[in-house]
Amino acid sequence: MAGKKREIQLQAVVNSQSLWDEMLQNKGLTVIDVYQAWCGPCKAMQPLFRKLKNELNEDELLHFVVAEADNIVTLQPFRDKCEPVFLFSVNGKIIARINGANAPLVNKKITNLINEEKKIAAGEMVRPQYREIVFVDSDVEDAGEAQYESAEQLYIIVIIKPDAVMTRKSLEIKGKIIEAGYVLEIEDKRVLTEQQAREFYSRKAEEPDFEDFVLFMTSGVSHILVISQGDEEQPDLKETEPDPEMEAKEADEDHHEEIRTPVKKKHDSLQEYLERQHVSQFCDIEENLTDVNHFIDILFPDFKNMKNLKLEKTLALLRPRLFQEKREHVLKIIEDEGFKILMQRQIVLSEEEAQTLCREYENEDYFENVIEQMTSGPSLALVLLRDCGLQHWKNLIGPSSVEKAKEHLPESLCVRFAMEDLPVNQLYGSDSLEEAEKEIQYFFPSQDTLALIKPHITHEQREEILKLIRETGFEITQMKEVVLNEEEAEKIYSKIKGRDFYEDVLQVLSEGPSLVMVLTKWNAVSDWRRLMGPTDPDEAKLLSPDSIRAHFGRSTLKNAVHGSSTIYEAMETISRMFEDFIPENHEGN
């Protein structure tokens, strides 16, 4: 009951035309969640709205409303639609619309409009002459400033070649693209099929070395990116010094942005930018609108749904006392909130690690007590994955102090699991996606292992195994199909060479192509062996019924998969099978 009361306080309910007309009298910005009676408002966005309400603290300027399209004449075009729609009303005029639960875009729109309202109220800018949106059926392009996204207009495909992936150059290339102001919409690492390579590079088909090039592009894992220019104009990619005079002029022009015809500046293309960064030889870019749309359909057939999800990883931490006393309770809440736990480990923090994680309390008189408790026993570190996962976890756990949580978010986990003698949140979450990436890498350092899918596995079974590998949190960093003759097999099975059954192993491996992979994640060697299951499939069915060998193994020789036994063996075998590959494994991982 308390949760429902809070939602009503956060978002006013508008379910009639008269209430709609009354709502339009609001001063400042009103954010309207348009919903259908059969599906209800978009609950996924409510934590964001609550956060903005608390952070912006503008009760006179910022209002949130849920509006039922079924009973409001003005909203008739939105009836019988299942996609969430958010309208933005400024002083009674609907000036923007966003389709879908796109939290980053909605967050940016609200923040920008509120900042404008503050400047207008302070006399620092003149109110822009916004063009009011005309409602049409949502299946038709909106006539106003609708925030639609279109693959034909926005997206670029970048394929980072196998040699760059093998030498871990792809991380640098991806970083440069993001630094240039582009938005990474979706990515994947996979081996291109021959047909995909021929289609993508059809413009090179007449070149004399085209067949060799196709062979190269299908010889290993490529890193495929779909990027966009976001919802704002791209910054100039040329490396020039800032001009204060020009910046002042542009700032003044921004005040009249809504009433002038935008003139798009000519910038370097992404290709030209990457050439100047000396990385263009490692990747290929497709910007042709028709081709981009075609290849997105081929490579990412579920692109729209995957993109709208905005899956994010975050680091979560249960401090020692909470972990010891209420671990299962917290894990159940995490599951109920739709998070997937990708990785977890118990860790006793050093004093230095505790001080880094608790630096926000360093000026408090209880700081030493916090550090003492943080190092008193094992904490539980988790990597959580969810749609808008980072912000959802932050909203769920609440502020860093119990006092603030009781004041602003009394239903947060901070209040729920508060300890009387320690006025701090017993749970931790990363502050940003950048911090999350660094913290995850610190607490869960990557490790590589070699994996093999044997020849007797059918194509359909192979796809099932690959899906299971990804779902278990592994990244397939390298992959190639190869018939393991005696010379190639020895690179993987050298430690059993000379054993009585070695000839039988060679016979099984020679029956067809095997799929050889480098799998990467924290604790990769142990986790892969656990996922494979016992060597004998019959034993696997008894002891590890969910393992790969239990499902797909036929006998001890034809037991579906193989993996390295130790970190050292993994490093040695990978270096033999993928000579140019730069491994993640470090001493002590």
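Count begins at 1; order follows the chain as displayed.
Cβ atoms here come from the backbone N, Cα and C positions, even for glycine.
So that you can see what the record holds, here are the features copied from TrEMBL:
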type     : residues                                       : note
DOMAIN   : 1-119                                          : domain 'Thioredoxin'
COMPBIAS : 235-261                                        : compositional bias 'Basic and acidic residues'
BINDING  : Lys454, Phe501, Arg529, Thr535, Arg549, Asn559 : ATP binding site
ACT_SITE : His562                                         : active site, pros-phosphohistidine intermediate
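For the binding-site residues given as Thr535, Asn559, the lowest number of other CB atoms within 10 Å of the residue's CB is seen at Thr535. In this structure the alpha carbons, written CA, of Arg549 (ATP binding site) and the residue listed as 'active site, pros-phosphohistidine intermediate' are 10 Å apart. Residue pair Thr535 (ATP binding site) / the residue listed as 'active site, pros-phosphohistidine intermediate' shows a Cα separation of 9 Å. For Phe501 (ATP binding site), the count of additional Cβ atoms within 10 Å of its Cβ stands at 10 [all protein chains shown].
A C-beta separation below 8 Å, combined with a sequence spacing of at least six in one chain, links the residue listed as 'active site, pros-phosphohistidine intermediate' to Ala451, Leu452, Lys454, Ile492, Met532. Across the domain 'Thioredoxin' (1-119), DSSP classifies residues as 56 helix, 30 strand, 33 coil. When other Cβ atoms within 10 Å of the Cβ of Arg549 (ATP binding site) are tallied across all protein chains shown, the result is 24. For the ATP site listed in the record, the two most distant Cα atoms among Lys454, Phe501, Arg529, Thr535, Arg549, Asn559 lie 21 Å apart.
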